[in-house]
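Heads up, the thing below is written out as structure tokens.
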Amino acid sequence: MGYDMELTALILLPFFGGIAALFAGRFGRDAERWVSIAALALALVILILAFLTPGDGRWIAFERFDWAPSLGMQVILAMDGLSGALLVVSLALGIVSVIVSWKITEHSGLLNAALLWTVAASNGVFLSFDLLVFAFFWELMLVPAFLLISVWGHGDREAAALKFLVFNAVAGLGLLAAVFYLGASGEVVTFDAFEVAERDIPHGVQVLLLLGFAAAFLVKLPVPPLHAWLPDAHTQAPTAGSILLAGLLLKTGAYGLFRFPPMLFPEGFATLAPWGMVLGAFGSIYGALLACGQTDAKRLVAYTSVAHMSIVLMGICGGVYFSLMGAGVEMVAHAFSASALFLLIGALYDRTGTRDLRELGGLQQSAPRFAAAFAVFFSAALAMPGTANFLGEALVITGMFQVNWIFASITLISLVVSVVYATRLFKRVVFGKARRSGVVEDLTAREMGPIVLLAIATLLFGMLPQLLMGALEGAVTAALAPVAGP
Amino acid sequence: MLSPYLLLLLVPSPPLAAFLMLGLDPFFLRRRAVQVLALLGGVAPFFVMLPLAAVCFGGECHGVVPVFTLAFGQSEVALALLLDPMSTLVGLTVAAVGAMVITYAIDYMSDAGVADLRRFFALMNLFLAAMLTMVLAGDTITFFFGWELMGLCSFFLIAYNTGLPQAVAAGRKAFIITRFADAFLLAGLLLLFLEANSVRLDVLIPAGATMTEDRHLVIALLLLAGALGKSAQVPFHTWLPSAMAGPTPVSALLHSATMVAAGAFMLARFSPIVMSEPLVQAIAAAFGVGTAAFGALSAIFQTDVKRLLAYSSISQIGFMVLAVGLGAPEVAIGHFVVHAMFKSLLFLAAGDITHGSDLGTSMKAMRGAARRRPVAYVAYVAGAASLAGVPFITAGWWSKEAVLSAAWNTGPFGIAIWALAFLTAICTAVYAFRPVLEALLPEPEHRSRAPHGHPLALNLHHRARIGSGFITVPLVVLATGSMLGGVMVAPIISFLGAEVPHAPHLPALLAAMAPFAGLIGAAALTFVPSLAAAVEGAHDMRRPTRLDHKFQIWVIEPYIRLIRWLSRDRRPRDADLDFERQVRLIRWLSRGARMDGVYQALVVRPFVNLVRWLSGHRGGGVDPVGSAPVALALRLTQAVVGPLAHDRFDRFWMRSANRLVRIWVMARAIQTGRSRDYALGLALGTAALLVIAWGTTWN
């Protein structure tokens with residue numbers, strides 16, 4: 001474990017890239033976008049190099065240095081396969097979001113900065129093992145996302161942004177309180193998650209602290225009944241914002257739940273996990289049912305996110321190997337497929353000015369490439385074998401059969417309902433005759449780039465599961481049997 | 001040396017490659033190129049299968065080709081393709097039928113635009129690749145992959161005419177219902193995996209047979225449910241007749257050798273697991289024979305050739321499920337092979353005859369077929385004879401006789417099943433020959449009245465030429481197979497390692513008579529005006545012009561009496577009511593026992609209502625669960641902040657301020673403005689000061 005700075009760079013590069021993008025607009029047309037892409041691409045290269053250097057088995061890379069020693073604050077950054085996979089997702093979706101907002105000229109410097117800062121903060125979440133720093137990044141994430149919705153959003157954007165902020169900030173307080181308690185309750189003040197994990201915390205306290213953590217994670221995930229912010233935020237956000245919300249912010253909730261409860265509060269987690277599964281089972285059906293009833297295409301996809309993330313929650317709370325692995329795979333898979341659907345609907349909205357399912361239609365005839373792209377991610381949304389989404393859901397179901405067959409059956413039912421909403425979306429958008437939307441111009445090369453990237457990712461991880469599952473192995477085993485850090 | 005089994009990997013590859021090239025379309029292919037690619041992709045698997053089949057028939061028929069191995073946790077998942085007698089036979093059949101159908105489609109679809117053509121052939125090729133993958137799969141994951149991919153392709157293919165709402169609805173219906181059944185299959189396969197800790201069929205099926213009792217039963221039932229849904233067996237059958245909204249080649253491919261037949265294949269594949277449970281076996285046999293009878297009865301009363309053939313598929317696959325239920329999966333595979341040939345033939349021939357007709361695919365469009373399309377008509381007759389099971393000279397007789405004999409040999413219970421299957425065979429012959437005889441009737445008048453220069457007339461003229469080789473060759477090949485394929489049935493069954501079941505002479509003789517009884521029935525339904533009108537009248541509710549007297553007495557009268565007796569109806573006879581009853585039965589049958597309506601009432605309507613209620617269309621709030629915490633938070637905020645809104649500190653300060661004002665008002669009274677008041681004040685003040693001064697010096 002040298003004193004490398006690669007993980008720090010993964011956070012700081014997007015952050016300073018964002019600051020650079022803020023001012024780059026003065027030096028040339030689209031300079032801020034190129035700066036953003038360069039920063040993210042550089043970070044991606046660093047990440048890949050980190051993957052290639054041999055780690056110590058459990059961690060691919062590990063960094064630790066003091067920040068504010070008097071407060072017991074350190075910077076502990078550690079990356080294993082789970083964080084690594086999510087970092088790939090975050091950087092890739094960052095690039096995608098920069099590309100899809102290419103045409104937005106209004107405050108474009110700030111827009112790119114907000115995108116990059118969202119990426120930087122979520123990278124911090126995925127890497128931090130000092131709980132206070134984790135909580136810091138957790139709250140930091142909200143600011144650029146709030147900006148994205150409220151400045152560049154559609155429709156009733158201020159209200160949606162406020163709803164997003166209030167839900168998440170309030171829930172974040174639970175996390176913060178639990179973190180402060182954990183930090184202060186030991187002999188020395190420390191927020192080091194590995195040290196905290198060693199402590200013997202009484203069972204009742206564990207449950208209370210876990211509720212604090214879970215509040216933040218479950219709202220971010222989100223699982224019904226805590227999901228009310230999501231449809232509004234997704235619908236009113238600009239396309240890039242929806243992509244980052246679905247692809248990144250939701251995953252931070254799942255990541256937190258995957259990482260910390262089993263590590264810090266194993267007994268408390270065992271007590272609460274069945275309730276988590278109940279919530280997840282309920283959410284997987286509820287989200288799917290509501291997706292069937294939406295008329296706004298973006299809202300429909302937003303509710304499918306609720307359903308899929310509820311399945312992730314179920315997998316994590318299942319606590320057996322298969323379900324945890326499935327949850328991990330589903331997190332990554334959903335990040336790609338949901339962002340791609342948001343991208344497509346955003347592109348459609350740019351052309352037609354509507355997302356109303358009753359007014360769209362006829363893409364098959366007027367825009368065959370558009371239709372084909374929809375078909376690919378339509379298959380992913382309904383978990384067709386061969387997509388990573390199927391892998392994730394099948395693994396969760398397998399795990400659920402080991403835990404309790406009722407939860408497995410409920411997940412299967414939600415899979416069936418997913419066909420109903422997916423075919424409905426497809427019928428209304430791709431089939432039929434163009435209604436008010438008229439003839440739609442086909443996808444341009446700039447739009448095809450990200451789409452192809454996301455399609456390849458979805459199919460690659462589905463067809464060669466070893467890529468993703470091998471990376472997740474360490475984190476899954478750790479969540480099964482909590483182990484101390486190095 | 002490379003194993004010859006490596007060729008297995010090449011079997012699904014050509015159609016997959018064709019799909020990729022057509023689907024991604026990097027070269028902006030022109031019409032001719034699209035057709036060539038489609039043809040190559042569709043026909044190549046057959047020629048790859050041939051050497052494999054040669055190896056297999058040569059006796060070395062147990063090859064496993066690992067695709068890749070996936071190790072995670074304590075499990076190892078090994079994906080593989082498998083060559084054994086069953087996969088060889090079915091793979092060969094599927095490849096052959098796929099090749100024929102795609103060849104046929106080259107000409108049949110030649111009117112479509114290039115973009116549609118590309119989409120059509122891309123999907124057809126993908127579908128074929130999926131089916132071949134499923135058939136050759138050596139593990140449950142590959143198997144399920146092919147199985148689901150077929151479902152997905154069926155959605156796109158049935159909804160090929162994306163402008164037609166009923167085609168899109170039919171595609172959705174097919175996809176949703178089969179996906180519902182697939183959930184059972186997935187559950188069964190995952191449980192099998194957990195039980196045996198392997199996905200390889202060659203490991204799992206022996207392991208599956210030694211599982212604990214209740215687990216075994218559950219898995220067998222789940223697999224059976226999955227098969228019934230995919231194979232459109234009662235009660236899942238409703239999607240298949242609707243699926244006829246797709247183009248004819250789609251129906252020919254999906255509803256003969258692939259898709260619907262996949263369920264029967266799956267049951268045969270997993271028969272060691274399914275069939276070691278007597279209960280599941282009995283259920284399978286009951287569903288099989290029940291569906292066979294029901295499908296045949298419903299088929300009789302169809303007025304649309306494609307719907308008739310759809311119900312026929314339901315019925316024929318019922319025979320295969322029955323055979324598996326009787327513990328003779330080899331016989332089921334035999335019937336699978338023969339059915340694939342004659343059913344695809346029937347679809348293709350009927351499609352060719354009715355193509356371009358302004359009557360669509362209704363039975364009337366068959367009229368005059370012998371004159372217009374002699375090759376197609378002869379092919380149709382061959383297919384119908386095979387379907388009806390005309391003894392000895394058709395393949396259908398041999399395979400169906402094997403199923404019937406297997407039933408007869410299963411003991412007393414089996415004889416009851418045989419009886420039902422025998423009646424079904426008669427009904428089969430009735431509906432098989434109905435279109436054949438209908439074609440002999442004169443063409444309806446308005447067909448010939450289509451004006452020249454009308455696009456439809458031009459189209460008809462165009463279609464009236466003798467079909468090109470693309471159409472003739474598949475018809476001739478499949479017709480030959482449907483007639484002469486009978487010699488293959490016994491070798492197929494023994495190749496799969498089973499004895500050909502033989503029934504005693506009497507039932508065999510009876511069964512041999514069934515097609516002729518059916519022919520008479522078909523003639524009655526076609527040529528006797530009253531019956532033809534009854535079948536027709538069931539659909540458009542028109543009173544027939546004239547009821548034929550003899551059939552009124554011999555057929556309809558007993559039925560009416562039976563109904564009256566059953567319902568204890570003692571009222572005087574009413575001609576309208578009688579006719580109504582007759583029509584009602586036929587309509588009930590012709591609409592597939594109205595299961596659509598039942599589903600509509602029991603599943604679709606409640607589901608839609610629930611969704612509408614949840615999304616706030618029915619008085620309820622939008623997203624009730626999601627808005628509950630928000631409402632709760634607002635209520636709480638009000639409860640806490642409300643009392644504080646009258647801030648007590650604020651009140652204290654405000655009250656103090658008010659008091660100050662009052663003091664100030666009082667103080668203002670002193671300011672009178674008169675000098676004598678001020679002088680008085682001065683004096684008083686001075687006096688007071690003096691008093692104080694005096695007081696301080698008191699001591």
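The backbone N, Cα and C atoms fix where each Cβ goes, glycine too.
The transmembrane segment feature in TrEMBL is assigned to A:6-27 (among others).
Residues or ranges marked as transmembrane segment by TrEMBL: A:75-102 (among others).
Look at TrEMBL and you will find A:109-129 (among others) tagged as transmembrane segment.
What TrEMBL lists as domain 'NADH:quinone oxidoreductase/Mrp antiporter transmembrane' is A:129-414.
Feature annotation from TrEMBL assigns transmembrane segment to A:135-152 (among others).
Among the features that TrEMBL reports, transmembrane segment is placed at A:164-184 (among others).
What TrEMBL records for A:204-223 (among others) is transmembrane segment.
Annotation source TrEMBL lists transmembrane segment at A:243-260 (among others).
Positions annotated as transmembrane segment by TrEMBL: A:272-293 (among others).
With a threshold of 8 Å between CB atoms, the same-chain residues lying at least 6 positions outside the transmembrane segment (A:300-325) that come near it are 218, 221-224, 227, 230-231, 234-235, 246, 250, 253-254, 257-258, 262, 269-270, 272-274, 276-277, 279-288, 290-291, 294, 331, 334, 338, 341-342, 345, 357, 381, 389, 392-393, 395-396, 398-400, 402-403, 407, 411, 414, 417-418, 421, 424-425, 469, 472-473, 476-477, 479-480. The feature transmembrane segment is assigned by TrEMBL to A:300-325 (among others).
For the transmembrane segment (A:331-349), the residues of the chain that approach it from at least six positions outside its boundaries are 85-86, 89, 93, 96, 100, 234, 238-239, 242-243, 246-248, 250-251, 254-255, 258, 297-298, 301, 304-305, 308-309, 312, 355, 360, 363, 370, 373-374, 376-377, 380-381, 387-389, 391-392, 429, 437, 440, 443, 447, 450-451, 454-455, 457-458, 461-462, 468, judged by C-beta separation under 8 angstroms. Taken from TrEMBL, the feature transmembrane segment applies to A:331-349 (among others).
Annotation source TrEMBL lists transmembrane segment at A:370-391 (among others).
Distant neighbours of the transmembrane segment (A:451-472): 81-82, 84-85, 92, 96, 325, 328-329, 332-333, 336-337, 339-340, 343-344, 373, 376-377, 380, 385-391, 443; these residues of the same chain sit at least 6 beyond its ends, with a Cβ under 8 Å from one of its Cβ atoms. The transmembrane segment annotation in TrEMBL covers A:451-472 (among others).
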In contact by Cβ distance (the transmembrane segment (A:6-27), the transmembrane segment (A:109-129); 3 or more pairs under 8 Å): yes
For the transmembrane segment (A:204-223), distant same-chain residues with Cβ under 8 A (at least six beyond the ends): 138, 167-168, 171-175, 177-178, 181-182, 229-230, 249-250, 252-254, 256-257, 260-261, 264-265, 267-269, 271-272, 276, 279-280, 283, 306, 309-310, 312-313
